[in-house]
Amino acid sequence: MTKKLHIKTWGCQMNEYDSSKMADLLNATHGYELTELAEEADVLLLNTCSIREKAQEKVFHLLGRWKLLKKKNPDLIIGVGGCVASQEGKLIRTRSPYVDIVFGPQTLHRLPEMINSVRGDRSPVVDVSFPEIEKFDRLPEPRADGPSAFVSIMEGCNKYCTYCVVPYTRGEEVSRPCDDILFEVAQLAAQGVREVNLLGQNVNAWRGENYDGSIGTFAELLRLVAAIDGIDRVRFTTSHPIEFTDDIIDVYRDTPELVSFLHLPVQCGSDRVLNLMGRTHTVLEYKAIIRKLREARPDIQISSDFIVGFPGETTDDFERTMKLIGEINFDVSFSFIFSARPGTPAADMVDDVPEEEKKQRLYILQERINQQVTAWSRRMLGTTQRILVEGTSRKSVMQLSGRTENNRVVNFEGTPDMIGKFVDIEILEVLTNSMRGKVVRTEDQMGLRVAETPASVIARTRKENDSGAVVYQP
């Protein structure tokens with residue numbers, strides 16, 4: 001009988017990536033198949049996020065429901081991972097003693113051994129250590145699930161923003177070696193992946209080791225990834241302004257595979273509040289980055305994160321944020337009311353902004369962002385957009401669906417052979433959450449690079465000199 005695994009994931013794209021790796025790992029080692037139903041699982045894993053308010057209570061609420069399943073099936077294994085697990089550690093078992101495994105983001109690769117231990121002597125396991133980049137050496141080969149894929153290139157963060165728990169839950173920055181990343185991307189490309197999203201808490205801080213022992217830069221990595229046959233669209237998430245260097249901007253100038261869309265969080269438009277947040281950059285420095293980006297790539301769209309109601313934020317500070325939003329003309333962005341995370345410096349600050357004022361500021365900010373998003377979308381009406389076709393539309397089985405470079409969902413009439421490929425679509429209608437269009441060009445008509453195998457390159461470049469010796473001309 002097939003053993004079943006259920007994974008519940010909360011939080012960022014890094015958590016989504018980690019959960020997919022857990023599923024692949026436990027399938028390879030124990031034969032577990034994923035199930036959407038917790039009731040039929042042999043192992044339940046909760047991959048948690050500690051960014052939002054009341055994250056811990058959300059975890060224990062779900063665990064309370066899983067406790068009932070364990071009463072019915074005493075052999076059921078329950079594991080809690082992610083950032084809340086890293087933060088709380090043994091306290092999770094103190095409050096929920098029926099939890100068998102507590103593991104952190106850096107120890108998920110040890111799950112097979114943890115499960116074996118619990119199965120063997122029924123003793124619980126708690127491991128929330130930080131064994132650097134070891135987890136990537138222990139994970140199975142990637143498995144593609146559609147034409148887009150996430151690839152983690154680094155873990156942790158050294159920036160220690162005063163409101164953020166990431167350095168405490170995921171550790172400090174550790175970069176994967178360049179060859180490891182390129183090999184994973186090449187494996188995904190061989191399985192039909194056309195778009196990769198490079199992940200890291202501070203992705204542009206990547207400083208991985210090259211094959212010769214030298215240290216590479218993020219700009220160099222972007223060019224290498226974009227050069228892999230089959231990969232025709234490259235994204236990255238999330239970056240920090242302090243390390244958004246000119247060499248990265250140059251990649252936008254000369255690498256068309258890099259999308260014309262960037263998520264670059266600024267958090268606030270007031271230098272005074274940015275200083276309280278520990279952001280180490282000014283508004284002027286942020287605006288200078290955007291100006292250079294738009295010189296290199298005039299059509300680029302920018303998204304951001306915003307925190308409103310940070311301790312000490314005045315009406316003037318908030319108005320400066322609103323001014324910056326208008327000046328940059330941000331596209332889709334993410335905004336939140338400040339909530340103190342335990343153990344961070346901001347948790348010790350006086351939270352002096354009234355709750356109603358926070359809600360009002362959030363409403364005003366989101367309304368402005370939504371207006372700008374609508375305006376950006378309307379500008380696309382009548383234009384031709386390159387779409388990566390993901391599959392059948394949710395709205396109609398008679399239509400296909402894909403995404404633009406700026407993440408707009410576009411539905412259109414097409415043929416099944418277009419799935420997993422690029423098509424150029426004329427935008428005919430802009431709706432609230434999607435767009436509608438018609439095909440004007442298929443991938444065969446685009447002149448994209450033709451993938452070549454090493455054997456075909458050797459055959460094409462093979463020559464014989466006057467003495468009959470075989471030489472190869474690159």
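Every residue gets a Cβ built from N, Cα and C, even glycine.
Taken verbatim from Swiss-Prot:
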type	residues	note
BINDING	C12, C49, C83	[4Fe-4S] cluster 1 binding site
BINDING	C157, C161, C164	[4Fe-4S] cluster 2 binding site
DOMAIN	3-120	domain 'MTTase N-terminal'
DOMAIN	143-378	domain 'Radical SAM core'
DOMAIN	378-441	domain 'TRAM'
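The [4Fe-4S] cluster 1 site is defined by C12, C49, C83, and by the 8 Å test on Cβ atoms against their centroid, the other residues of the chain that qualify are W10, G11, M14, N15, T48, S50, I51, G82, T169. Considering other CB atoms within 10 Å as the measure, the emptiest surroundings among the binding-site residues C12, C83, C157, C161 are those of C12. Close to C49 ([4Fe-4S] cluster 1 binding site) in the fold, though at least 6 residues off in sequence, lie W10, G11, C12, N15, A55, G82, C83, V84, each with a CB less than 8 Å from its CB. The local packing around C164 ([4Fe-4S] cluster 2 binding site), expressed as other Cβ atoms within 10 Å of its Cβ over all shown chains, amounts to 21. The DSSP secondary structure for C83 ([4Fe-4S] cluster 1 binding site) is helix. Annotated [4Fe-4S] cluster 2 site C157, C161, C164; additional same-chain residues within 8 Å of its Cβ mean position, judged by their own Cβ, are K159, Y160, Y163, V165, V166, P167, Q201, N202, G278.
Per-residue pLDDT, averaged over the domain 'Radical SAM core' (143-378), rounds to 95.
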